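J.: Per TrEMBL, the feature transmembrane segment maps to 6-37, 58-77, 97-119, 131-151, 157-183, 195-218, 271-293.
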Amino acid sequence: RWKNWWIRGILSLAMISGFFLIIYLGSFMLMLLVLSIQVKCYHEIITIGYRVYHSYDLPWFRSLSWYFLLCVNYFFYGETVADYFATFVQRREQLQFLIRYHRFISFALYLTGFCMFVLSLVKKHYRLQFYMFAWTHVTLLITVTQSHLVIQNLFEGMIWFLVPISSVICNDITAYIFGFFFGRTPLIKLSPKKTWEGFIGGFFSTVVFGFIFSYFLAQHQYFVCPVEYNSETNRFVTECEPSELFQMKKYSVPPLLQAVLGWETVNMYPFQMHSFALSTFASLIGPFGGFFASGFKRAFKIKDFADTIPGHGGIMDRFDCQYLMATFVHVYITSFIRGPNPSKLLKQLLILQPEQQLSVYKTLKSHLVEKGILQPSLRG
């Protein structure tokens, strides 16, 4: 037991150190990391399907599984390029064609794979082939879609990437430590080693960690500014005037807490309030991603998704909760945080044809005159 604890602890520190190094190297390296993890997780889940259903001899299927992965990544990453790199695309005529017909090309690529699957159907293996076809698509939904959302969160600002991911890691580590030393009461049958003591200790530790970690990150433009691509320097930049979320404000302490803390007001960043929501989800709902993965492994009588990391299992064993967290953060940002983005809108206007830009200008001018924002002398 102690040997396993030391192995897990040392490798956890090594992975965290490597993660900080990649953060230092910048946003592009983080995107490559997300893509690498996605491919590895996909490989682990697909390999389980091959092994469980003994499907190694199915014609074309291994190739088709990877072909569909390429198709779906082409679609999602093409959408990202069109959305965030509009100025870069505008300068290259060959890319304009690919972006303009991106969805049609993506659909054509998928249809090619679909037709290849139908042509590969063999009389004795119909049911097995459709099992694996569904297995592949569910795996794509879990891995590719969620990794795309992770990158979308990253573009909103590295803090929206780091705080959620770090909260899940913190919860996983502290829940394990509390469960190891104080665990007595089983939490869920799917994971016999999980205890209520570890679950509760992990929750409070993660909330405190998220609040403190958010405070330090909110002080630096590198972490709070949206990640944008500068077509002039061909580099990702994180420079901006921090939004109100990352500007220190004074808050009144609730009367009940004033007697305990002895403070009437407290200075903090508004984002720290949002960190409570992120940490709470990571602690209370995030673990259900792990429980889901445990149920999946039990269903197919396997201990881990793979043996990539000694003491931890496969990559998917470490990131089963992260995918669920990524979806929540994306929904949270779009529901409560994100507003109109003038910079992004301007980029979209700049790629329009001159006559289209003139039409937008006239419409906007007419609207501003009606609102009384433009002076009457500017009419006409």
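FYI, residue positions are counted from 1 along the chain as it appears here.
Backbone N, Cα and C atoms are what each Cβ position is placed from, and that goes for glycine too.
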J.: Taking residues 6+ outside the transmembrane segment (131-151), which of them lie with a CB under 8 Å of any CB in it?
T.: 31, 34-35, 37-38, 41-42, 45-46, 49-50, 53, 55, 58, 61, 64-65, 68-69, 72-73, 76-77, 80, 117, 161, 322-324, 326-327, 329-330
J.: In the same chain, which residue numbers or ranges, 6 or more beyond the ends of the transmembrane segment (195-218), come under 8 angstroms Cβ to Cβ?
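T.: Hits for the transmembrane segment (195-218): 158-159, 162-163, 166-167, 170-172, 174-180, 182-187, 224, 245-246, 268-269, 271-272, 274-276, 278-280, 282-284, 287.
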J.: Using a Cβ cut-off under 8 Å, which residues of the same chain at least 6 positions beyond either end of the transmembrane segment (271-293) come close to it?
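T.: Long-range Cβ neighbours of the transmembrane segment (271-293): 159, 163-164, 167-168, 170-172, 175, 188, 190-191, 194, 199, 202-203, 206-207, 209-211, 213-215, 218, 224, 245-246, 305, 316-317, 320-325, 328-329, 332, 336-337.
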